[in-house]
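> Quick paste of what TrEMBL says about this protein:
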- B:32-163: domain 'Exoribonuclease phosphorolytic' (DOMAIN)
- B:189-254: domain 'Exoribonuclease phosphorolytic' (DOMAIN)
- B:338-363: region 'Disordered' (REGION)
- B:349-363: compositional bias 'Acidic residues' (COMPBIAS)
- B:403-439: region 'Disordered' (REGION)
- B:424-439: compositional bias 'Basic residues' (COMPBIAS)
Amino acid sequence: MEGATQTETKIRAESGIESGPRGPGCSLRHFACEQNLLSRPDGSASFLQGDTSVLAGVYGPAEVKVSKEIFNKATLEVTLRPKIGLPGVAEKSRERLIRNTCEAVVLGALHPRTSITVVLQVVSDAGSLLACCLNAACMALVDAGVPMRALFCGVTCALDSDGNLLLDPTAKQEKEARAVLTFALDSVERKLLMSTTKGLYSDAELQQCLAAAQAASQHVFRFYRESLQRRYSKS
Amino acid sequence: MKETPLSNCERRFLLRAIEEKKRLDGRQTYDYRNIKISFGTDYGCCIVELGKTRVLGQVSCELVSPKLNRATEGILFFNLELSQMAAPAFEPGRQSDLLVKLNRLLERCLRNSKCIDTESLCVVAGEKVWQIRVDLHLLNHDGNIIDAASIAAIVALCHFRRPDVSVQGDEVTLYTLEERDPVPLSIHHMPICVSFAFFQQGTYLLVDPNEREERVMDGLLVIAMNKHREICTIQSSCGIMLLKDQVLRCSKIAGVKVAEITELIQKALENDQKVRKEGGKFGFAESIANQRITAFRMEKAPIDTSDVEEKAEEIISEAEPPSEVVSKPVLWTPGTAQIGEGIENSWGDLEDSEKEDEDEGGSDEAIILDSIKMDTGEVSNIGSQDAPIVLSDSEEEEMIILEPDKNRKKIRTQTISATQVKAPSKKPVKKRKKKRAAN
């Protein structure tokens, strides 16, 4: 047991400039968010988790192409743009995951025959990119005033070779990890909206990660609440 | 989404304001909007804000083989993307005229002016050179994309550091950032584009037009210049005719503006370098204005995960035990494997109905078919399914004889059942029987 904690601290010490010393349990990197920073989109947000940064813009509910029109609900589109080069398969797959998550919470039926477009731009990737994309998308949707059933957040967990659980891993930790699991959770029931995993893990570990993600989601939602309170406070 | 059209009264209002030497954002004729440059944590990553226009620049490098006619020169590649985030009218994946024009202008401004020493990017002549790729993403479009993009490109190039390489004989060693300090690119000069918008057939001139002004302008002149007042590119578009004096006056203004911007860029670069050297905080997180009410930050938050294991155990104990799975795959022949018991193929549902069809028709031949089986040991797999085929013409019949394949038969029966052929006569069956036997 002692050996395990030793290696854990060693890995964390190695993990670079920005993460610094992490607590013995798990911690989230520092969060920052700025809303409404772009003038053209209806809603925009830039979300930072440590050095990972994603910018999101939302248009909608707006005019929709006839070919994409859905008669009883809004058409939700998500585009994710990488920083270098053209979007590839990885981006398409992430787009789909984010779109499915958004579709689960956005009340599209209130705006039939319209389009809601979420555009995400990766500004820097330093681990937990998908989680950061989800958080940025949520904050941008809130800024655009799109009606939603609940808020959502993304949390990434990593399991290292010793079976230790890491929350919000950096790029290096993700690379060394045995398994990386990303969950999207809703704010009302704290239930799972989306999960995507990579690597090997047992069912017990999956449940542990999920429970840890739920604990972490409380912090993220508190961050959402405080940032919105600050924005809409009168003082 | 389509762009919102500019109404006639808006257009008239803007033009009238310009005539009165007034601009909507309160600037003077020759004023630039505020320029803000912020750097990311990676080398070669920057965001340039020109008023509300925002461009993200990122430089990356790769070792490639050089072009055949330029064996000792590195390759520079520029790519400006108009993301849908910038304006709803920009469709993803479409090469609009504007995009092509902007990309071409950037290339002329930065590559053809030879501001980067491409020869220093050569590692092994004719074999390995660096390819420097500059990706520019427009994040918000509020006019004057080209100026913002050219500033972002040159700032990103100045900020970029490529990994160090060493050549010993035929061996090329690439050092990581930890092993050796990365090397900056050698930049001769910094060309910067300055845009001039003309109104009323060149009567009025504005520097750095914003989006609204761009929509009512008659002509645009872009001058790319460095701080030594050397013109790198000049382009006039929208088909306006300009007088000689006007062009000269513009080049003079451009000289002043470029000197100002270059100074600003150098200050920003020095600042970033100083912070990096001193080990202070840098990156976009630091550039978020904390005093804004739309911005919020939270320091590192510890999460209590002590009860995670108990929770997980609880959930697992409550859950139903997973169904038993045979984890060992059974290898029947090379290239195949079977997991589990295997269930009956449910895809055969369609065929079942067909079989019924055939049963109706073929029931009276059951005896004969039995005799067929007895006769021909080789063609034993011809079941009742095969019987109706008889009615088909001789050509098809032959096909079946040549290929006594199960799949083919099914297809055949399908087509026949579709034509609703029933109760074939006994005679042809016998004929075929003989044929097969002969085969």
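Cβ coordinates come from backbone N, Cα and C, glycine included.
Automated prediction, rather than curation, is the source of TrEMBL annotations.
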> Any idea what the model's mean pLDDT is for the domain 'Exoribonuclease phosphorolytic' (B:32-163)?
92
> May I have the DSSP-based helix, strand and coil counts for the residues of the domain 'Exoribonuclease phosphorolytic' (B:189-254)?
17 helix, 26 strand, 23 coil
> Run through the domain 'Exoribonuclease phosphorolytic' (B:32-163) and tell me, per DSSP, how many residues are helix, strand and coil.
33 helix, 50 strand, 49 coil
